[in-house]
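Lifted from Swiss-Prot, the feature list:
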DOMAIN    2-191  domain 'Glutamine amidotransferase type-2'
ACT_SITE  Cys2  active site, for GATase activity
BINDING   Arg49, Leu50, Ala51, Val52, Val53, Asn75, Gly76, Glu77, Asp97  L-glutamine binding site
DOMAIN    213-536  domain 'Asparagine synthetase'
BINDING   Leu256, Ile288, Ser363, Gly364  ATP binding site
SITE      Glu365  site 'Important for beta-aspartyl-AMP intermediate formation'
Amino acid sequence: MCGIWALFGSDECLSVQCLSAMKIAHRGPDAFRFENVNGFTNCCFGFHRLAVVDQLYGMQPIRVKKFPYLWLCYNGEIYNFKQLQEQFGFEYQTLVDGEVILHLYNRGGIEQTASMLDGVFAFILLDTANRKVFLARDTYGVRPLFKVLTDDGFLGVCSEAKGLINLKHSTSLFPKVEPFLPGHYEVLDLKPSGKVVSVEVVKFHSYKDEPLHAACDTVGNLPSGFDLETVKSNIRVLFENAVRKRLMAHRRIGCLLSGGLDSSLVAAVLLKLMKEMNIKYPLQTFAIGMENSPDLLAARKVAAHIGSEHHEVIFNSEEGIQAVEEVIFSLETYDITTVRASIGMYLVSKYIRKKTDSVVIFSGEGSDELTQGYIYFHKAPSPEEAAEESERLLKELYLFDVLRADRTTAAHGLELRVPFLDHRFTSYYLSLPAELRIPKNGIEKYLLRQSFEDSNLLPKEILWRPKEAFSDGIASVKKSWFSILQDYIDQQVDDLLLEKAAEKYPFNPPRTKESYYYRQIFEKHYPGRSSWLPHYWMPRWVEATDPSARTLKHYKSAIQE
């Protein structure tokens with residue numbers, strides 16, 4: 001996890017503009033650098049480093065002797081950089097995984113570069129020889145990227161929007177800042193003046209298609225066919241491979257553990273592989289919740305079963321409520337369920353940073369979207385519509401769960417790794433017949449659970465534990481975290497304010513006091529930027545006025561039984 005920032009064609013003094021880059025210093029607590037581009041007094045790169053791979057030679061922008069005209073600033077991890085070196089005979093100057101981007105670009109251009117990378121990334125690549133600037137972001141947007149581009153060619157790029165919103169420019173004091181779309185690259189011409197012109201924005205691959213880099217994957221070709229045993233075996237092999245490749249790190253590895261299926265599978269496979277690879281230190285797992293919350297109790301069972309060094313972070317309602325404003329500032333969103341779920345993740349990340357030496361943190365994000373884990377999937381009209389909904393959720397991950405996971409961990413200088421969003425794993429899972437992927441026997445993620453049923457990785461009660469939203473599982477069964485928040489907020493927002501909410505906030509108007517409260521805080525820090533959230537996250541096919549799983553009938557009936 002690092003923070004990247006760059007300006008091209010600035011009309012203002014760069015030494016003043018660079019102050020904006022310090023707003024993302026939390027993403028890279030180990031070192032930072034600002035560097036002007038040769039021959040351009042109005043172009044600059046900024047970089048905040050979290051040293052995870054090649055701690056000695058990993059500063060950016062990356063430049064190598066072989067390609068003196070290329071400048072690279074990137075945030076991410078390229079898991080197949082060694083395989084690509086062997087495949088194409090690249091001669092690396094450093095041990096930095098991102099150096100492969102320079103070699104791939106020199107060999108085949110930007111489209112081949114983006115398509116061949118197995119990993120998570122957001123990058124800015126400058127080619128001064130051909131006067132080109134390239135931006136690119138990974139398939140699911142696991143690594144964030146924002147940009148601002150004015151009509152007269154001023155370009156600003158940053159890992160988080162907060163590093164761009166206060167930039168000054170002659171034609172606009174507050175230029176429009178937008179997220180860069182996942183799975184795309186952009187080509188821009190660099191003029192002698194330092195200004196840029198956008199040439200094209202291209203989607204370089206789809207999450208449904210098997211990635212080009214699969215050809216040199218260590219797993220090789222999988223057995224074909226959709227009989228159940230073959231499918232289950234392929235799921236296990238690909239998921240284990242997804243975890244294995246993410247073990248690439250020179251810093252200590254830990255794992256978030258809620259006691260739910262997803263994080264428990266990640267932790268169990270992770271610890272198994274660490275033993276096989278003879279990694280000497282114990283795996284630290286981290287659970288958070290209020291006293292005796294379902295997540296804490298379940299996580300203890302998992303930790304005892306797999307033998308991890310387990311840490312529990314217990315918080316009370318006051319601590320959670322006090323964190324709301326910090327969380328919204330970090331998130332750069334006002335989405336209801338995202339804010340709720342982020343508070344626990346933010347607090348546990350804070351604990352990890354202060355109390356442990358784990359820096360690379362594994363988590364279970366992406367599984368609910370991929371494997372149809374949300375409660376409302378039980379109400380899908382058909383397997384085909386459930387499959388379409390799964391794809392929609394994956395497409396929008398960068399607005400919700402992936403955003404939450406990145407910002408809450410990066411706020412405390414941690415790097416998150418999400419094996420469920422491994423591109424080869426997701427493309428295979430999405431290629432399966434729709435009827436195989438739907439909930440069965442009243443149980444969501446049925447196929448995923450089946451695939452690991454005979455592995456002994458987890459206790460049976462954890463493998464088949466019903467879905468519970470993270471923001472619900474961290475509180476008690478009797479009173480959920482969202483109810484605690486709503487009770488507090490009810491005293492902070494009066495009825496009259498809510499009645500006039502649509503007048504004050506015509507875009508995505510708040511319809512509840514809780515929503516209004518979050519929106520107020522968001523507008524305080526990011527006034528006029530409400531379009532960053534195109535819509536609120538809400539379940540489909542059900543009559544729901546709140547995104548919490550505990551408001552859904554299926555959930556209530558399961559609890560009563």
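Glycine too: its Cβ is placed from the backbone N, Cα and C atoms.
Features recorded in Swiss-Prot, as mapped to the structure shown.
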residue: Cys2; record: active site, for GATase activity; CB count, 10 Å: 27
residue: Arg49; record: L-glutamine binding site; CB count, 10 Å: 21
residue: Ala51; record: L-glutamine binding site; CB count, 10 Å: 17
residue: Val53; record: L-glutamine binding site; CB count, 10 Å: 18
residue: Gly76; record: L-glutamine binding site; CB count, 10 Å: 23
residue: Asp97; record: L-glutamine binding site; CB count, 10 Å: 25
residue: Leu256; record: ATP binding site; CB count, 10 Å: 27
residue: Ile288; record: ATP binding site; CB count, 10 Å: 29
residue: Ser363; record: ATP binding site; CB count, 10 Å: 25
residue: Glu365; record: site 'Important for beta-aspartyl-AMP intermediate formation'; CB count, 10 Å: 28
Integer average pLDDT (0 to 100) for the domain 'Asparagine synthetase' (213-536): 94
Assigned element (helix, strand, coil) containing Ile288 (ATP binding site), judged by DSSP: strand
Chain-mates of Arg49, Leu50, Ala51, Val52, Val53, Asn75, Gly76, Glu77, Asp97 with C-beta within 8 Å of site centroid, L-glutamine: Met1, Cys2, Gly58, Val96, Gly98, Glu415
Spatial separation of Ile288 (ATP binding site) from Gly76 (L-glutamine binding site) - C-alpha basis, Å: 26
Pairwise Cα distance for Gly364 (ATP binding site)/Val53 (L-glutamine binding site) [Å, integer]: 22
When distances run from the Cα of Glu365 (site 'Important for beta-aspartyl-AMP intermediate formation') to each of the binding-site residues Ala51, Asp97, Ile288, the nearest one: Ile288
Pairwise Cα distance for Asp97 (L-glutamine binding site)/Ile288 (ATP binding site) [Å, integer]: 33
Integer Cα-Cα distance in angstrom, Val53 (L-glutamine binding site) to Cys2 (active site, for GATase activity): 12
